[in-house]
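A quick write-up on the structure given underneath.
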């Protein structure tokens, strides 16, 4: 997984093809895991977008933002307002969400990036918590406070009415020129956006700009004496990752047109940090894996209840089944956070590079073994491979 | 344009009550190697930090050709053509050697900020070639895909030299480029620096190792207690009684 070789466009093309294939066939291969329902797969996509955007900032520059949920929230609110005022079509909602969260990131980044390290993290955290509290109090006319911003029958929807689409008796749903934003079609909309987002993200990783961001993470002092003004670079990375978060936020509103302030809370900011570190910060696909793992745990593990466990242990004598069920029960259902915490601790201690580091180590192990087996055939494989 | 590439005039620098530099006047001719020597704490590194913009002088000014450097940021001064190696090598440990050299080469070509994030590094043929050429120059080409952080200290120093050279600076500042190196590595570095000298690059070297100083320098300035006490050709400095007194403790070199 060394990032030491310059990847060729051909490698990147293969990357994009494999990723697209994996993403688009998700409904098939997730079947055995019990995760092939559209709502969950949409979550994989949305948090995948959120996490790769976050990785542009944290993974490349090393600046740990603790306030990215604010941009997610801004994206959601903007999207719902677009649904209310303009159109139920998702395109304007997404465009405005990305622009507005980008502007918001510009503002927060302008102040926060005056500091680095822990002070930067605290500043971003402070801004996000401020946004969260404002959304609950002063900004109630915009955010509708605790109830959350919702669609109503009487919304303006100027563009829709102009083009003659009238609301029926039930509430309208977000759509892409008539394609529903929920269910399988909704999943494919999110999947397409993930692929496009990943493409831009891959280009950033491979560009001189991406190299400079990594150099900032590696040695900012050297960057200053090498003729770089690092602030605008950091600012750009911050804004781009804010825009990714805004896009993810708008997609959350597409799948469920309701925006609440809890989306901006610090726990939500912490989640994306967790996702990125778990998957492997700074690696290309680590954040996607992290998003998948955490959302899977959240939805599947938390759904296990006592009855399910008792059934699982039913092959045991009754009393033993109860003992096992109550022990395991601590780690699933409501207690899935405990499992997540343990897994996270294990990964940070033993695999600081996240799941991606584990995969790389396994890959090396397998390759070395097969190499020592084929010693007679003196086939030389390329020694480094980029992941 | 004068013959002098670097012109330091009347520079004072105080740290609280301590006067680290007083009344420094230093002019370096284009294409020459100028060494600054002096005992520990004489203010050599402070002077270097004033030139590169890390420290602002309390008085005086620094010129590069006709450009005023005083008051500018380190990155601006680098963009004007001043490169520097540090006492402990400052490299990018998490990047490969090749990438380490590409970063400064890109800075030279694209300036202090450039937002080309849809272009692939792979298509930057000229920058790649230049970086490989530089690594070849310092003898590190066979390690070009290794992580810089995994190299030995001597290799890191040579890498840092390659990084600075890739910018073809007008003025190259070296802060003890051979400190902590083995005799073998020191000689390699001297050879390398001699080769660069042949290309007409102006250099200012701070050095403790007299062997290095006398085999490279065209002129030498001797700094003691924040002031320049002597300046001249190696021969003149070697025979200056004040230098023998202040710096060498009366011994002959």
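Backbone N, Cα and C atoms are what each Cβ position is placed from, and that goes for glycine too.
Because TrEMBL annotations are produced automatically, they should be read as predictions rather than curated entries.
Feature annotations, courtesy of TrEMBL:
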- A:13-32: transmembrane segment (TRANSMEM)
- A:44-66: transmembrane segment (TRANSMEM)
- A:86-111: transmembrane segment (TRANSMEM)
- A:118-139: transmembrane segment (TRANSMEM)
- A:185-204: transmembrane segment (TRANSMEM)
- A:232-252: transmembrane segment (TRANSMEM)
- A:272-297: transmembrane segment (TRANSMEM)
- A:309-332: transmembrane segment (TRANSMEM)
- A:338-359: transmembrane segment (TRANSMEM)
Leading stretch by Cβ pairs under 8 Å, where the reference is the transmembrane segment (A:118-139) and the options are A:13-32, A:44-66, A:86-111, A:185-204, A:272-297: A:44-66
Long-range environment of the transmembrane segment (A:338-359) - Cβ separation under 8 angstroms, sequence gap at least 6: 1, 274, 277-281, 283, 285-286, 289-290, 293-294, 297-298, 301, 330-332, 387
Long-range environment of the transmembrane segment (A:309-332) - Cβ separation under 8 angstroms, sequence gap at least 6: 301-302, 338-339, 342
